[in-house]
């Protein structure tokens, strides 16, 4: 295999610092006029791809990809300002949003079309918290997978990944092609500098539609309702440690 | 003509049935015959991972038969142990060391073969590192849209799960023939581990190769209760200022309570505590009887992982910290004074 052709799928989500509100009709979370940004785990994916290029000279291409509304091109520009070479945007309106399985099927076609041999995805998106797409793509392609990666090393075709598991870490070895999903400890994403933001405007952003990929986009899950979580009872403040202990006893927690 | 006759015959039959017993019951029993659950259990070094039994509890709520699945080396003993768990009808085990580390590359085809052979309608596993890694791959191979981290079961096809870091609760209905589901352990209490008598059967082993090789692991050793299933959790945040202070203040408090230790992302990022202790949207979800935290402000990502705790107690020097909005008991004060004092007074009890 000649060099690394990295695909980085990214998603536009409500900014992590915003407290989401459920809409009045209880059909979804309110997204209009709400600050959006790149899914934080996807920033880690872009950063890792760029660092791989900085660490090795084996990276042939970094392709950023997003399937989402018009405005998803903003996050693709961000990815290119961070160091991605070009990007593909499949325009999908919010009301027709794909499920992880649909995204995985789409990504399989993108991988084949662009001859990617390493796909780096976030371990989950912070909106639907499903954590499925990377593993599904690995299954569809029958490739190796290393999820929740906190360290990645590539030497030729050999990839070593340290991944976060319950109670600690484990180390895996695999050969390209493979799928990696990122965990928070993997790296610290860079900020795009102004010159790089300007340069990113000249990089290629290709627009496509689902029809171009000939995909069946019927969803399997139907939203019945979206509600606010049960509010916790307002608690009390105590004056001192003794007050805390007696209150905890009263509540049956001690 | 014929169809009219058939309809009226049907109507008659229906009416008779309706008299015989309530419709809801009838529907339930009809479903139970069709519905069969496969619960994927976890094992480590030939020992059953008890927290994976939440899948059994969830299966019980679905109705229908429950078969448990376990694979690895020496799993016959795990199967014998699991056979005593209440609610399990049958246990399928596959004895093969290739499955010890739960690598999805060979574990997913193994599950798929056994799912197809058994004709299961619902596949359940815990939303643990193992379940999160494996189940979506299984779902893709079966062309099913997985439902992750459910907290409630409304019916055989309708499930409840938190989204947006627990800031919204989604109810979804699945149209997939085989439903692949991971369950939140804290939402489904472990079943009784005595009194059951499941039959044990060997499963099919497709012996798929894994292109991925497991090299090593480094697990934090701890005598304390497991964070995910502990009754009590004490948790520290950025307010502890350093790893030395974290290690000086938190373990004695945990010992005084018999609690597990957790941490906020800020504390983990600053290197005060190991990553595996992180509580929150991207760490562990806990729902203990008591969650006692010190020096944690209460960012939404942290609250996502602990706000289902029965009682939340917080010590923070900032009276306006968001943690006080969810805490049942709040103490405004310097944790460097209050935590040692609390530890001493708890020990004295």
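Glycine is no exception: its Cβ is also placed from the backbone N, Cα and C atoms.
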| message | Looking at B:99-144, B:145-190, B:191-236, I want to know which stretch TrEMBL calls region 'Disordered'. | response | B:191-236
| note | Within the same chain, the residues at least 6 apart in sequence whose Cβ is under 8 angstroms from that of residue B:278 (FAD binding site) are B:262, B:263, B:264, B:265, B:268, B:284
| field | Mean of pLDDT values spanning the domain 'Electron transfer flavoprotein alpha/beta-subunit N-terminal' (B:37-218) | value | 96
| task | Identify, in sequence order, the binding-site residues in B:238, B:281, B:296, B:302 that approach chain A with a C-beta to C-beta distance under 8 Å; the answer is 'none' if none do. | result | B:281
| What counts of helix, strand and coil residues does DSSP assign across the region 'Disordered' (B:191-236)? | 0 helix, 16 strand, 30 coil
| said: Just to be sure I understand the packing, how many Cβ atoms besides its own are within 10 Å of the Cβ of residue B:302 (FAD binding site)? | reply: 27
| task | Name, in the order they occur in the sequence, the residues of the same chain whose CB lies under 8 A from the CB of residue B:299 (FAD binding site) and which sit 6 or more residues away. | result | B:264, B:265, B:280, B:322
